[in-house]
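J.: One structure, pasted below without further comment.
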Amino acid sequence: MALRLATRRFAPIAFRRGMATTIEHTKEPISATAEALSASRPPIKETKTSTVKEPQMDADAKTKTFHIYRWNPDQPTDKPRMQSYTLDLNKTGPMMLDALIRIKNEVDPTLTFRRSCREGICGSCAMNIDGVNTLACLCRIPTDTAKETRIYPLPHTYVVKDLVPDMTQFYKQYKSIKPYLQRDTAPPDGKENRQSVADRKKLDGLYECILCACCSTSCPSYWWNSEEYLGPAVLLQSYRWINDSRDEKTAQRKDALNNSMSLYRCHTILNCSRTCPKGLNPALAIAEIKKSMAFTG
C-alpha cells in the first residue's frame, strides 16, 4: 500500500499548459519513503525481453519515427523522457494502436499502455497523439513518413506508467452523479420501465459516451478545477440521466449540480466537442443542463 501511495503522489503530470506543450516536471522533491522503497529494490537484470532493439528494415521499407512518453514509477528519481522508435509502415497496421502493439511485441516489451477492444468501444487506449486527445485504435497513422509522431498520456493526469493515466478521480466523479436509473415506483406491469420512441430518441448523442476522458482532459477548466468541476464527460452522463423519462430523481440530480463549481466552471471553450472520438457534443449537453436549471430550477 505504501508503494502505491508513493507512486500516485509523485507521478508526474504530463502537461502543464496546452495539449502539446513541453513537459514540465514537478518541483516537489521525492519523499524519503519513495527513495527508500526505490533503493531497497534489487536491480533488474537486463534480458533479451528488456533490451530495446530496432527490427531489421527491408530495402524498400517505409519508415516512420514515433516519439513516445516514458516514465517508470519503479525509478522515481528519473525524470520523464521521450523515447524514439522507428517502424516499417509496410509491416504495421493502419492505426496508432497497431504501431504501439508492434513496438511492445517486437521492439520494447517495457512500453506500457492500456488497450482492449480495438474498436473504439471501451475507451481504454485514450491518449494524446500529435497534440490531440483521441483513441489510438481509431487514429490512423499519417502516411507522411517525413513527419514524426509524438504520443503522450492524457493531458493533466497523474501518470501511473508511460501512457497509462490515473483515472481514479475521473471515476470517482462519475460515481458521484449516481449513473443509474432511480425510481420510487415499480413499473405498472411489474416487468420493465417502458419508454416511448420519442423519449428514447432524446438519449441519442448521450448514451454513446464510452468514458474515455478525452474530452475532460482537453478542457482547461477541468485542468484547473478537476477536484470540484465535474468536467464534460461526467456532465454529459449527468444530462443523460436528467433527460431520461424513466428516472424519477431529476430534481435531486439538478440540486446536486446547483453550486458554483460542479457545473458552472464550463466556459464554452469547446475543446470537448472538438476532440470527442465518438463525435458527441458534451458542450451542448452542459448548455442544456444550464438552460433547464435556469427555467425550471
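One-based numbering along the chain as shown.
Placement of Cβ uses the backbone N, Cα and C atoms for every residue, glycine included.
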J.: What does Swiss-Prot list, out of Cys139, Cys276, as binding the same [4Fe-4S] cluster as Cys209, Cys212, Cys215?
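T.: Swiss-Prot names Cys276 for this [4Fe-4S] cluster site.
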J.: Starting from the [3Fe-4S] cluster binding annotation in Swiss-Prot that includes Cys219, Cys266, which of Cys137, Cys272 is the extra site residue?
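T.: Answer per Swiss-Prot: Cys272.
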J.: Would you please say which range out of 33-55, 171-193, 240-262 has the annotation region 'Disordered' in Swiss-Prot?
T.: 33-55
J.: Using the Cβ centroid of Cys209, Cys212, Cys215, Cys276 as the reference point for the [4Fe-4S] cluster site, which residues of the same chain not in that list have Cβ within 8 Å?
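T.: Same chain, not in Cys209, Cys212, Cys215, Cys276, Cβ within 8 Å: Gly123, Ile210, Leu211, Ala213, Cys214, Ser216, Pro232, Ala233, Leu236, Cys272, Thr275, Pro277, Lys278, Leu280, Pro282.
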J.: If you measure from the CA of Cys212 ([4Fe-4S] cluster binding site) out to 10 Å, which binding-site residues from the list Cys117, Cys122, Cys125, Cys219, Trp224 are inside that radius?
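T.: Cys122, Cys125, listed in sequence order.
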J.: Based on DSSP, tally up the residues of the domain '4Fe-4S ferredoxin-type' (199-229) by helix, strand and coil.
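T.: Summed over the domain '4Fe-4S ferredoxin-type' (199-229), the classes give 12 helix, 0 strand, 19 coil.
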J.: Could you tally the C-beta atoms, other than its own, that fall within 10 angstroms of the C-beta of Cys266 ([3Fe-4S] cluster binding site)?
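T.: There are 22 of them.
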